[in-house]
């Protein structure tokens, strides 16, 4: 009889929701990051849905080919070239992040550090590009409440949406710098797992994922 | 065995990167095509969702997680679609009101 009870107990513990293991097969850290990403997705979803609604309610919207056509160090008009390069930078930094996580699974500390530094470089470059873009548009007269190209809501939604995304990139860069320091110190080698890098990577990929939608619906549409 | 799977996942990441790049280039080309605004919006939605699922599926490893986790993360996102589906037509009605066409 007692043997039967013990057997039952073991069966419960081995089941998904029995309390013996993580029901989703991931660590607490990773699951929490996923929940955070979900909540952040709602934030950006709200911003983009609001932008869609604003845009649908306006008879005209400034031409993106006219507005997003400047490029540093040249006065030539290159429509959408600069923002395409920004997108390229972010896609590349996502790749190097994935490669850092991959190297972490093989416990190759130097390789993780190399790819993390490349990712930080990409993020930093993206922020520089955004700073240039903002500076340029502000110089041309764009404000939260007005802009020279048309409806005021254009610059309002531009600054709010790209600003929100940019602040996420900035937080991501800071998190990755912390990760790089911890990797360099060998903290994850001592722990026997590079999961911290993986969780930070999830956040970084999410920032790239949000940019996919901002790029498609704000810059290209 | 683990060595082999890790080697192949590195290849997958490069492949996904290339696919993301290819879709982005198509997006930029579409942006300059002389097509209607709503068709362009539809094409961008499809391509953005393709890119998003590539990033979430491979870079964020979601494709290889347990189904319970996948559903817990992906299904709530329907709420964003619902929000957009509620707000964007509302904006169109507001446009009609602005132009003085009904309502």
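Glycine too: its Cβ is placed from the backbone N, Cα and C atoms.
Taken from TrEMBL, the feature domain 'Heme-copper oxidase subunit III family profile' applies to A:1-221. If you look up TrEMBL, you'll see A:31-54, A:78-100, A:112-133, A:153-181, A:202-220 marked as transmembrane segment.
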Ranked first among A:31-54, A:78-100, A:153-181, A:202-220 for CB pairs under 8 angstroms with the transmembrane segment (A:112-133): A:78-100
Given A:31-54, A:153-181, A:202-220, the one sharing the most C-beta pairs under 8 Å with the transmembrane segment (A:78-100) is A:202-220
Folded-back contacts onto the transmembrane segment (A:202-220), same chain, C-beta under 8 angstroms, at least six residues removed: 30, 33-34, 36-37, 40-41, 44, 48, 51-52, 64, 68, 80, 83, 87, 90-91, 93-94, 97-98, 119, 123, 157-158, 161-162, 165, 168-169, 172, 175-176
Along the domain 'Heme-copper oxidase subunit III family profile' (A:1-221), what average pLDDT does this model show? 93
